[in-house]
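Participant: Have a look at the structure that comes next, please.
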Amino acid sequence: MSSNAATPDEGPVAGGGAGGRLDDLQRLWTPWRMAYVADPDRESTGCPFCELPGWGPDRDADALILHRGERVFTILNAFPYNPGHLMIVPYRHVPDLADLDEGELAELGRETQRAVGALRAASGPHGFNLGMNLGGIAGAGIAEHVHQHVVPRWGGDTNFMPVIGQTKVLPQMLEETYERLAPQF
Ligand SMILES: [Zn+2]
């Protein structure tokens, strides 16, 4: 359990109730996720947000990293609520918003703005949910490494709250989403 896909964020782990059945369905519907499960060249650190940037820029497509800033990076969520669900993540392994310094906070804001613009250009969502789940009790799947969610919304998609804790059937696969979004960054 060492990669983007293997550590779902607010995904099936948080879902709990559906248990093994949900897991089976994920494997059935999303076999392409297996491509992200393990990097054989590296020891797992246990934190995908520390590990994935370490794969290096030439493997950003495998890691689903859309953009590397100086202090933060932008990455697609491997267990998205909607196509284009991405996260802005500081490189530093810290759990709380209060742990970020001025430079990280400023860049997090700028990169969130960039992500919203990129999603608008790529897929014209009708709205967005932006936010952080601080702490496991709040639903953070990777509570030890703070991250900002950007979730594009369309009229008629599932309401945000019921989606948390489940994995939806997605109309676009992750690779396709990545290829569509990457040029916008
Ligand atoms: Zn980390």
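Glycine too: its Cβ is placed from the backbone N, Cα and C atoms.
Unlike curated records, TrEMBL annotations are generated automatically.
Summarising the annotation, TrEMBL assigns region 'Disordered' to 1-20. Residues or ranges marked as domain 'HIT' by TrEMBL: 52-160. Annotation comment: TrEMBL describes ASN77, HIS149 as substrate binding site. As annotated by TrEMBL, motif 'Histidine triad motif' applies to 145-149. Look at TrEMBL and you will find HIS147 tagged as active site, tele-AMP-histidine intermediate.
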Participant: Per DSSP, what is the residue count of the domain 'HIT' (52-160) in each of helix, strand and coil?
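Facilitator: So the domain 'HIT' (52-160) is made up of 40 helix, 25 strand, 44 coil.
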Participant: Could you tell me the C-alpha distance between ASN77 (substrate binding site) and the residue listed as 'active site, tele-AMP-histidine intermediate' in angstrom, no decimals?
Facilitator: 11
Participant: To see if you understand the setup: which same-chain residues, six or more apart in sequence, place their Cβ under 8 Å from that of HIS149 (substrate binding site)?
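Facilitator: HIS149 (substrate binding site) has long-range Cβ partners ASN77, HIS85, LEU86, MET87, ASN129, LEU130, GLY131, MET132, ASN133.
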Participant: Cβ neighbours within 10 Å, counted over all protein chains: which one of the recorded positions ASN77, HIS147 has the most?
Facilitator: ASN77
